[in-house]
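Engineer: Below: one structure in structure tokens.
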Amino acid sequence: MTEFTHINQQGHAKMVDVSDKQITKRTAVAHSSITVNETIYKQISNNTNTKGNVLNTAQIAGIMAAKNTSTIIPMCHPLPLTGIDVHFSWDETNAPLYTLNIQTTVSTTGKTGVEMEALTAASATALTIYDMTKAVDKGMIIGETYLESKSGGKSGDFQRQSGQ
């Protein structure tokens with residue numbers, strides 16, 4: 001029978017005890033995206049959105065989300081994050097639709113990984129872009145959100161293969 005790590009003997013939720021795990025450097029990289037129309041693309045690129053600088057605000061939202069992951073995802077450990085970075089790149093190959101790729105990198109030196117923090121940062125970044133531009137078009141599409149890579153920890157390294 002499978003032993004559930006987040007369920008105690010009484011069948012109730014619990015946070016995994018990581019006291020005996022080794023402290024190691026851990027890094028996770030996550031990806032998300034949002035596809036927008038040409039008007040929104042131009043507003044973001046030219047910094048002319050009436051709500052302000054969309055990318056700067058979205059970066060801050062992603063950083064805040066990573067820092068607060070344990071408050072919104074049950075059983076996530078609160079972690080002392082040592083680095084959070086949010087990068088953007090446009091894919092203009094399907095104009096008049098434009099996809100903004102979001103890559104988040106989160107690091108810590110600790111006893112548990114930062115995959116959830118990187119994924120939460122990527123998600124919140126995309127959601128913030130949607131929120132700041134929805135007055136122009138509510139038809140935007142938030143794309144797949146996934147872990148690109150992780151390093152450190154007992155389970156070792158992970159690198160997503162293309163097509164995976």
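Here the Cβ of each residue, glycine as well, is placed from N, Cα and C on the backbone.
Okay, these came from Swiss-Prot:
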BINDING   Met75, Cys76, His77, Met116, Glu117  substrate binding site
ACT_SITE  Asp131  active site
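Please situate the listed features within the shown structure.
Structural biologist: Cys76 (substrate binding site) falls within neither a helix nor a strand when secondary structure is assigned with DSSP, and so counts as coil.
In the three-state DSSP reading, Asp131 (active site) counts as helix. In the structure as shown, the Cβ atom of Asp131 (active site) sits within 10 Å of 14 other Cβ atoms.
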Engineer: Can you name the residues of this chain that are 6 or more positions from Glu117 (substrate binding site) yet have a C-beta less than 8 Å from its C-beta?
Structural biologist: Ala28, Ala66, Lys67, Thr69, Cys76, Leu79, Leu81, Ile84, Val106
Engineer: Which residue, out of the binding-site residues Met75, Cys76, Met116, shows the minimum number of other Cβ atoms inside 10 Å of its Cβ in this structure?
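Structural biologist: Each of the binding-site residues Met75, Cys76, Met116 was scored by Cβ atoms within 10 Å; lowest is Met75.
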